[in-house]
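The block underneath contains the structure these notes are about, expressed in structure tokens.
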Amino acid sequence: MLPLVVLVTAFVTATAQLTPSVSFNPPPASSGAVSSNGTTPNTQWSTLLGNALWFYEAQRAGELPQGNRVAWRNSSVESDGQDWGVDLSKGYFDAGDYSKQTFPLSWTMFSVCWGANAYGPGYDASNQTAYLDSMLRWSLDWSMNAHPNPSTIFVSVGSFNSSQDYWGGDQDIPEPRPAYPINSTHPGTDMAAGLAAAFAMCSLLYAPSATLNYSTDTSISPPTSIANASYSAQLLTHAQDAYSFAMNTSNLTEYSNSLPLGGAAYQSSGFGDELTLGALALALATNSSAYYTEAYNHYQTYSLAQDESYVLNWDDKTPAVFELLVEIALARPQLAQEASLSQNLTGWKSQMEGYLDKIVDGTSRGYLTKGGLLYFDGDSNQASLNPALNVAMLMSRYAPLATTASKTESYNTFARRQLDYALGKNPLNAVYVVGQHPNSPQNPHSAPASGGSNVSAINTQPAEMAHVLYGALVGGPNAADEFYDLRDDYPETEVALDYNAPLLSLTAWQVMTNNDDPYYTSLQAGTFTATSGTPCDDAYPCESGGGLSRGAKAGIAVGVILGVLFLAALGLALWRRKIKTGRIF
């Protein structure tokens with residue numbers, strides 16, 4: 001069992017630095033079928049960016065501030081963290097349920113801040129910079145509270161007992177909601193290094209004078225008004241402490257290994273990518289060649305260049321490492337020089353293009369479905385649009401840096417095609433962002449938005465969702481381009497913080513570069529019909545019925561874990577917390 005260490009913290013104030021100059025609320029879905037008539041910036045892309053940020057507001061936990069735009073959400077879980085004397089009440093609910101998960105959240109923060117460092121003018125032009133600032137601070141402030149001292153990080157909040165069968169509104173979320181920390185006796189290398197990467201990249205975003213000038217394109221820059229020196233410094237301190245925690249434990253290990261209950265929902269497959277990414281982000285944020293040296297050593301030690309078949313998601317960040325190595329070689333060549341290492345721009349570009357070219361050429365592990373969606377067997381099964389849009393985000397970033405004009409064109413084209421697929425250019429004419437168009441999914445897997453309370457009748461009670469979860473990117477179709485639009489089919493319909501992260505960056509990119517409307521404006525309303533019949537996936541294992549969210553895998557994992565722990569502790573009375581396995585939404 002974890003040692004009982006009570007920590008006392010007050011919540012970092014999550015008041016946003018910026019106030020929106022123009023108030024934004026999502027328009028009705030019908031507006032997505034209306035041309036913008038050549039407005040600059042494009043109204044439809046700007047609305048999509050605003051909706052995608054609004055989704056995060058709908059996921060907020062804790063005491064909601066005045067001016068909260070989501071009228072049907074209430075303050076909730078205000079006692080989170082009290083079992084440890086820490087205020088963990090705010091932050092975001094991870095997906096369609098009410099748990100908080102720091103590991104995927106850290107990737108979400110890194111991804112959004114990384115994108116905003118490049119596509120800031122897109123946020124500015126669409127009047128969304130203040131909402132970006134608010135979205136990030138709600139997450140970053142909570143994450144700093146979840147890191148109350150240098151060697152403690154709370155990795156999850158939410159009970160695996162009474163709440164796992166809960167499907168209902170935000171006023172009756174079952175308690176207790178235990179919080180699970182890693183610490184010096186229960187370390188988590190991946191968790192600590194991943195959080196360090198997020199803090200460092202976001203510190204760079206808020207730094208008044210530090211930019212990631214990796215391109216000759218002067219439009220590649222952060223939002224003009226987001227800088228805040230004191231906030232940047234605060235984030236950087238947490239980044240350095242979290243990275244030191246990752247490195248200075250006697251046992252380098254995955255957090256889900258040392259803290260099985262806390263890591264059950266998101267079991268990490270390794271930590272070499274997080275260590276490398278964390279050190280690279282810190283090298284950028286501090287201009288320190290020492291961090292660059294450590295990043296290079298991690299890259300070599302963990303053989304990150306061993307193959308080019310990686311997916312990019314909350315678990316595997318290796319392709320992001322490839323891209324960041326190129327960007328650092330261009331923006332901060334002195335980091336390698338001061339470390340007595342080669343700048344290696346040609347080598348890093350060759351590695352990055354090797355990864356991207358295989359995807360474009362169809363020779364990588366990822367392949368295109370008949371409808372044109374990039375699909376990675378074993379990863380895309382859980383949320384097909386997320387890996388595809390993460391790769392699209394990488395291609396849009398790297399395209400201006402490519403070694404030939406033809407590669408630049410092919411990467412931009414591929415990225416745009418993946419985005420177009422998500423926005424309606426697919427066999428079903430489905431616009432996979434909720435509330436964006438009349439052809440959007442009608443049944444996202446979201447307990448707070450559903451208005452239902454019967455866990456056994458998720459699909460039918462109520463007949464229609466009580467609330468529209470504007471801007472939420474759903475998991476997406478299967479490998480046959482089929483989409484059933486069933487609330488309990490979580491691989492296809494669940495929403496999540498990390499799903500929306502690449503959508504933000506890609507949409508901000510489009511605001512900056514594209515005056516043409518998104519594809520969905522050309523779709524006739526009502527031409528999307530969900531696939532009939534029964535899915536065959538993790539929620540519906542070959543027509544045996546379904547209903548479990550991606551959090552349900554946590555329930556299964558917990559059941560296995562508890563079985564092992566029970567056997568180990570049998571007769572010793574060491575295991576006192578009773579956890580009930582079953583559904584987790």
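These residue numbers are counts, starting from 1, taken along the chain as shown.
Placed from the backbone N, Cα and C atoms, the Cβ positions cover glycine too.
Automated prediction, rather than curation, is the source of TrEMBL annotations.
Cβ contacts within 10 Å of D485 (active site), excluding its own Cβ and spanning all protein chains shown: 20. Annotated active site per TrEMBL: D485 (among others), in sequence order.
What TrEMBL lists as active site is E494 (among others).
According to TrEMBL, the domain 'Glycoside hydrolase family 9' annotation covers 46-505. If you average pLDDT over the domain 'Glycoside hydrolase family 9' (46-505) in this model, you get 96.
Sequence annotations record features per position, and here TrEMBL assigns signal peptide to 1-16.
Per TrEMBL, transmembrane segment is recorded for 554-575.
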For D485 (active site), the three-state class that DSSP assigns: coil
C-alpha spacing of E494 (active site) relative to D485 (active site), in angstrom: 10
